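Reading through the structure tokens given below for one structure.
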Amino acid sequence: MKNMSCKLVVSVTLFFSFLTIGPLAHAQNSSEKEVIVVYKNKAGKETILDSDADVEQQYKHLPAVAVTADQETVKELKQDPDILYVENNVSFTAADSTDFKVLSDGTDTSDNFEQWNLEPIQVKQAWKAGLTGKNIKIAVIDSGISPHDDLSIAGGYSAVSYTSSYKDDNGHGTHVAGIIGAKHNGYGIDGIAPEAQIYAVKALDQNGSGDLQSLLQGIDWSIANRMDIVNMSLGTTSDSKILHDAVNKAYEQGVLLVAASGNDGNGKPVNYPAAYSSVVAVSATNEKNQLASFSTTGDEVEFSAPGTNITSTYLNQYYATGSGTSQATPHAAAMFALLKQRDPAETNVQLREEMRKNIVDLGTAGRDQQFGYGLIQYKAQATDSAYAAAEQAVKKAEQTKAQIDINKARELISQLPNSDAKTALHKRLDKVQSYRNVKDAKDKVAKAEKYKTQQTVDTAQTAINKLPNGTDKKNLQKRLDQVKRYIASKQAKDKVAKAEKSKKKTDVDSAQSAIGKLPASSEKTSLQKRLNKVKSTNLKTAQQSVSAAEKKSTDANAAKAQSAVNQLQAGKDKTALQKRLDKVKKKVAAAEAKKVETAKAKVKKAEKDKTKKSKTSAQSAVNQLKASNEKTKLQKRLNAVKPKK
């Protein structure tokens, strides 16, 4: 913490007690006043715009126009049949009960303030379940939000007339925003929903005061920009029909509104807009879970939350402590964000019902005027323990990087209901799996480099294919390609050598295929020359065999020639030799047919003569035949001949 003499405690007076409502004195003429005119239809709106009134503000989602007008113009507008009603532009103030006390400027990141308020609401259990308010949009309608290292502001809007900036010039809005969403960065404070998208909607001025016109503008902006939750740590003691209509409109559009009950003390009526049924009214509790002395109570109070001595972010990178239902309200708004993250599809009604399951009942049993349904307190669900187990498994996988631990974590994650928390766990595990995949690929490439077998190469290639495109994949593929080239070269050499030895066509074809896979090189050229010699030898052998068969047309020579021709690769030479050999085969076949006819004649003669001489002659003719069905038949006939004695 930055050293301060006598421990600097600066009081910044922000609190303005809730004022008795009346017309604002902003008009230049005492006969003029600021009013909100609510119209029934388009004609009513045109009537307002065409009147003598000065238009201050038009709204996108509210049928109203804020104007400054004299009494006569206001009277005319009230009497117009297309005008629904006219209301005075009344004032609002921030709902603080004490002055802020500045603690530190936060320049020393070792600052880590005590936050008693987190324990009663058990929010750490929600964090363990992965609930951080991620993707939930929260509008803080307040004095704006000041830039702070402990805050992330998603955007904002200024509804006040004196500046277009939504930067906080009071401190109240920044304090509220920190309670909701201060970062979990190891210093300062921890917000209840640190990953919620916080929007600064400036409707209060540097004194913490505002008016109905600006508040309506803030609500209108929240509807237009699809806020999930609106925090209103402000209020007034008088009812407003247009404000009531505005919050109802927002509620119907799916915006959950949370507001401070007020700081007028027990027994005083709940302030507006918290008093409306479409708004969640929040009272404040102290360190002893008792009602804060300043907290307004009433039937409208729905929940209570810590609101005394709350430390949060402040102007100029400082931190400060403050008390009020202003501080209690953001506790509830942030808790709603956690519940909304857990069940994004739930309606406002369902969320309010769900919050009733996440309370500890204080005071009279059931709902009462002081605490409503009770103090908000996160209740762990069965899914929380499942999430915790999955997260623990992911942590183990992150530490060990073992595939068995990765698989176990993935199985546990798969059993979780769909949520941002589940997606976050998946992303963490995907990083571990990516690391593991790279390591596996490196190990398998190294193994392929060592053993240089096709199996190790195939295994390494499969591992590389799992990697995303990038430097690791590119470098590993280069290394594996070198191994592939080595193996391809060795295979080509071995196959060429085998072809040289066997001269078989299958070996020659295999060698040719292996050579074809090699990149152009002197080695490839040399291997091709060696293989071409084998092909030339086979061609010469086939040519000689065919010539021999042509010279002496025997079955044996024809068969030998056919075997030699079969070893040749397809081409003109093989085709020409096969044609020559086919002629030889026809000649051999003709000679064989002649022998068959001769044998048939002699067998027939032996059957007729039945002499030993004719049978011997027939047997000699049959013996000269090639094995065939015809030869078998002739032999059976001859065997049946019994020579005469």
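Just so you know, glycine gets a Cβ as well, placed from its N, Cα and C.
Feature list (source: Swiss-Prot):
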type	residues	note
ACT_SITE	Asp142	active site, charge relay system
ACT_SITE	His172	active site, charge relay system
ACT_SITE	Ser326	active site, charge relay system
COMPBIAS	491-508	compositional bias 'Basic and acidic residues'
COMPBIAS	522-547	compositional bias 'Polar residues'
COMPBIAS	592-610	compositional bias 'Basic and acidic residues'
DOMAIN	115-382	domain 'Peptidase S8'
REGION	490-577	region 'Disordered'
REGION	591-645	region 'Disordered'
SIGNAL	1-27	signal peptide
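Annotated features, which come from Swiss-Prot, shown on the structure.
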residue	record	DSSP (3 states)
Asp142	active site, charge relay system	strand
His172	active site, charge relay system	helix
Ser326	active site, charge relay system	helix
Tertiary neighbours of Asp142 (active site, charge relay system) (same chain, Cβ under 8 Å, six or more apart): Ala94, Asp168, His172, Gly173, Val176, Ala177, Ala200, Val201, Lys202, Ala203, Leu204, Asn231, Met232, Ser233, Leu234
Secondary structure composition of the compositional bias 'Polar residues' (522-547) [DSSP: H/G/I, E/B, coil]: 26 helix, 0 strand, 0 coil
Surrounding CB atoms that lie within 10 Å of the CB of Ser326 (active site, charge relay system), all protein chains: 35
Other C-beta atoms that fall within 10 angstroms of the C-beta of His172 (active site, charge relay system): 32
Residue distribution over DSSP helix, strand and coil in the compositional bias 'Basic and acidic residues' (491-508): 16 helix, 0 strand, 2 coil
Helix-strand-coil residue split for the compositional bias 'Basic and acidic residues' (592-610), DSSP-based: 18 helix, 0 strand, 1 coil
Summary of DSSP states over the region 'Disordered' (591-645), given as helix, strand and coil counts: 42 helix, 0 strand, 13 coil
